[in-house]
Amino acid sequence: MTVLQEPVQAAIWQALNHYAYRDAVFLAERLYAEVHSEEALFLLATCYYRSGKAYKAYRLLKGHSCTTPQCKYLLAKCCVDLSKLAEGEQILSGGVFNKQKSHDDIVTEFGDSACFTLSLLGHVYCKTDRLAKGSECYQKSLSLNPFLWSPFESLCEIGEKPDPDQTFKFTSLQNFSNCLPNSCTTQVPNHSLSHRQPETVLTETPQDTIELNRLNLESSNSKYSLNTDSSVSYIDSAVISPDTVPLGTGTSILSKQVQNKPKTGRSLLGGPAALSPLTPSFGILPLETPSPGDGSYLQNYTNTPPVIDVPSTGAPSKKSVARIGQTGTKSVFSQSGNSREVTPILAQTQSSGPQTSTTPQVLSPTITSPPNALPRRSSRLFTSDSSTTKENSKKLKMKFPPKIPNRKTKSKTNKGGITQPNINDSLEITKLDSSIISEGKISTITPQIQAFNLQKAAAEGLMSLLREMGKGYLALCSYNCKEAINILSHLPSHHYNTGWVLCQIGRAYFELSEYMQAERIFSEVRRIENYRVEGMEIYSTTLWHLQKDVALSVLSKDLTDMDKNSPEAWCAAGNCFSLQREHDIAIKFFQRAIQVDPNYAYAYTLLGHEFVLTEELDKALACFRNAIRVNPRHYNAWYGLGMIYYKQEKFSLAEMHFQKALDINPQSSVLLCHIGVVQHALKKSEKALDTLNKAIVIDPKNPLCKFHRASVLFANEKYKSALQELEELKQIVPKESLVYFLIGKVYKKLGQTHLALMNFSWAMDLDPKGANNQIKEAIDKRYLPDDEEPITQEEQIMGTDESQESSMTDADDTQLHAAESDEF
């Protein structure tokens, strides 16, 4: 006996949606063995891919000629995951042997999935250093579907400056319709099909197929719908969608269905019961509140007419009616497939109190496709009204709660102009015929327009939110950190108090060197989303700067226990051992992070800094160059190269690399400070002072900038100005031995020996063990007159060694060295 394709497909998607990947793979293999079709091939490859076996999906699809857009896209996705970028590009856009496809060609070929295809192609272009082409693909993808976030995020990360106001908007109604899957169209039953009895060739229900009737087809998400081979389809296609049918076969499955009384409260989109903690508002005003005495509006159906969708465009059928007495809708953008409730169509709530016009569910994936769209895979098999349903009628009826009597409600015309008939306690509707339509004067245009307007309003609300988040993220990627903090802090509280938003704010504080604030924000992220790994590498570096070894140890332990395949976890572990000056162990952990994700630029940068601490400068250079190869806009790597060249006294190269980092992050006072020091080393003292002044304007309390400006003033024999600068610096870092040592040098030049000796003594008291040998050596010889003794190059003030080898433990002392070491 030939395996029926549709019920098997339904079972496979049921298993996939319940994460039973082994079962899904097994059934998909059986289906593909039975039916060698592109559809079965795609379904099997999807099972492999979702179960984490991308290589299996790749080899399966590679071994067969993929002609459908779904197979091509999945094969390209596998290629990208397996780092076969050239092959993935050829599949999507053609190659050397094929004609290169334009964006319009891709849109024509891939249809609704073109936005995802272009986003994937843009990723390939960016990974192969063709940023201009990648940018075009991302922009086209966003123009097709402004609901996508990752293309916008990628545009910001490659240095583009997309306008969120122009990106997250609908350019036309067609653009709005294309953004939504076919299943998001509002349902309105068509009375013209109410008497249609679908025929079936299945005259008997075998015992082994009864269990198939028990499948909860609501879990089959409509976005996975495939074109079904007509030769395998035995049942009429113009019947109800499985999204509206929870159990069983035929129209009798809706008999004696009971709907719960909607709770009184604010109604946003689909009736009084629609409001829940999961109901997004997205800027939509709540409708009027129903009175506490509302009836339950229950209705029992013994022979419910089939339900279809009204197309999004074109005039509705004259006999289309609004179904009476449905429960409230699920929340907007809710996931289908996890509920056994019957999907509501159009709920109208009546009460003696304030009149409430409840509206259809909006943008919910649980609503069925329009009639002009292809039916779902399994929609035809489970909707027969033949004798096969009688065998299971008793069993099916037991799955519903007992019938609850309805309360009487008056017939009243609501704001939408829809008149509903009286509902009696014992009323059972067997048929909606033309007499009901003519007597009730039911209008179909108003609910459709109302539903569409609410759909668009909900989408516009989301667009408004994305615009604000986009502005904040764009400002952060442009390193306008204060602006980013201001924008993101004004988001609604329920969006502000989420891990993603708080991580961006914490990163902004980190870039501003406000480590205490960053630590506060990241600790809040850990409290509300202790499962979040993304962004924790920045948190670990923040704790490294603050020298909070206990908190850093706890963080690294938790992250590595939670996800050993996360580069962020190993970066945190490396920072933990780096803080303990266990540099060899830290290097191993950073190398492990690179092994887990070879495209993780931050791990290369941390490893490079660690090699600098162990004086392995050649290895450090290689690490920083690899970080730049992975991400050319990773300014920390450019800074690391400049720091190494400075240590090697290659000042021109150092200035060039520092300047490159500054071009990426023009708001960094630390980078300006280092450029000023290099300029002074190149005998450009006046230019160096100007650069340091700019750095202090950006961050007036940056101790590193003030210390270097005082040092340059001292070297230029401007002793009084240097002394004034150092006195201000002493208020910021009162326990920094270097400050007192330089003050002593100034007093010595001014001839005030007793004050010089006093400050030298304080410097030694702050560093009694001599861990800071720079008290005698760290002031660069270029800062000193010719009569001063030379010092060794290794102990220059710019070196990272002093920040790690310093004996400072107080929080005030760490500010100078934390900022001085590097920004990471």
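Using the three backbone atoms N, Cα and C, a Cβ is placed for every residue, glycine included.
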From the candidates SER220, SER351, SER379, the one which Swiss-Prot records as phosphoserine: SER379
By the record in Swiss-Prot, which of THR185, THR228, THR313, THR444 is the one labelled phosphothreonine? THR313
Based on what Swiss-Prot says, identify which of THR200, THR209, THR264, THR800 is the phosphothreonine one. THR209
Listed as phosphoserine by Swiss-Prot, one of SER194, SER339, SER352, SER411: SER339
Phosphoserine, as annotated by Swiss-Prot among SER331, SER438, SER807, is found at SER438
From the set THR279, THR343, THR446, Swiss-Prot tags as phosphothreonine just THR446
Other than its close neighbours in sequence, what residues sit by the repeat 'TPR 6' (499-528), given a CB gap under 8 Å and a spacing of at least six beyond its ends? 469, 472-473, 476, 479, 481-482, 484-485, 488-489, 491, 534-536, 538-539, 541-543, 545-546, 548, 555, 665, 667-670, 699, 702, 818-819, 823
Have a look around THR446 (phosphothreonine) and count the other CB atoms within 10 A of its CB, chains all included. 16
Roughly where does the repeat 'TPR 9' (601-631) sit in mean pLDDT, to the nearest integer? 94
By the DSSP assignment reduced to helix, strand and coil, which category contains THR446 (phosphothreonine)? helix
On the DSSP side of things, how many residues of the repeat 'TPR 4' (115-145) fall into helix, strand and coil, could you say? 27 helix, 0 strand, 4 coil
